[in-house]
Amino acid sequence: MCSFGFARSMGFALLPLATCCIVANILLFFPSGAANYVQDGHISLFPWLFMGVGGGGIAVFLPAAVFLSMGKCAANCVTDSCAMCGSVLASLVGLAGSAYCFVVSVLALLKGPYCFTTMGWHYPFETTSGSYLFNRDNWNNCIQPANIVEWDVTLLSILAGLSALEFIILFLQLVNGVVNAVCRPCCYKQEYSLNA
């Protein structure tokens with residue numbers, strides 16, 4: 001039963017992380033809180049990939065819901081192993097989502113923001129391979145939206161960090177689920193044969 005308690009605690013830990021991923025992704029559409037850039041189509045490609053909404057958010061809410069309902073599932077399943085197998089499958093979905101969120105966020109950080117410079121709308125840091133992150137003097141190349149580099153770097157770093165945390169939590173539950181699904185029946189058989 002303690003494995004179910006561990007799964008439930010992992011579910012509770014995932015809820016705020018997934019919510020924050022969704023919020024961070026949505027904020028990427030509104031640089032410095034302005035809505036006109038998304039209306040004019042002057043937003044980077046990456047927020048449209050919905051890495052925080054779909055990957056770090058919805059795909060992580062699914063395993064969180066499964067983990068939180070582990071006790072009910074165990075009551076309806078034939079064995080505890082059956083419930084743990086369900087948590088393993090849910091963990092795999094969440095791992096795929098959090099990995100997607102992390103990879104897209106890192107790629108977006110490396111490419112840099114889409115902004116207006118003296119040469120028009122483009123990705124001015126695209127060829128720097130992410131070195132612009134350590135050279136704040138070049139951030140002024142982006143004229144509009146105001147403070148877009150800080151906005152993007154902050155939100156994308158949050159998305160990368162949160163998705164990495166989600167991945168770790170989901171991996172821990174995956175290991176917990178596999179160990180309990182595979183080892184528990186073996187232990188019970190061994191215990192039964194010793195008692196017999």
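Glycine is treated like the rest: Cβ placed from N, Cα and C.
Note that the structure is a prediction, hence the values are computed from the model and not measured.
The annotation transmembrane segment is assigned in TrEMBL to 12-33, 45-68, 88-110, 155-175.
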Practice problem: Report, as numbers and ranges, which residues of the same chain sit near the transmembrane segment (88-110): CB under 8 Å and 6 or more residues beyond its ends. | Solution: 14, 21, 44, 46, 49, 51-52, 54-60, 62-64, 66-67, 129-130, 133, 152-153, 156-157, 159-160, 162-164, 166-167, 170-171, 173-174, 177-178, 181
Practice problem: Could you give the residue numbers and ranges of same-chain residues that sit at least 6 residues beyond the transmembrane segment (155-175) on either side and whose C-beta is under 8 angstroms from one of its C-beta atoms? | Solution: 6-7, 10, 13-14, 17-18, 20-21, 24-25, 27-28, 46, 51-52, 55-56, 60, 63, 67, 87-88, 91-92, 94-95, 97-99, 101-102, 105-106, 108-109
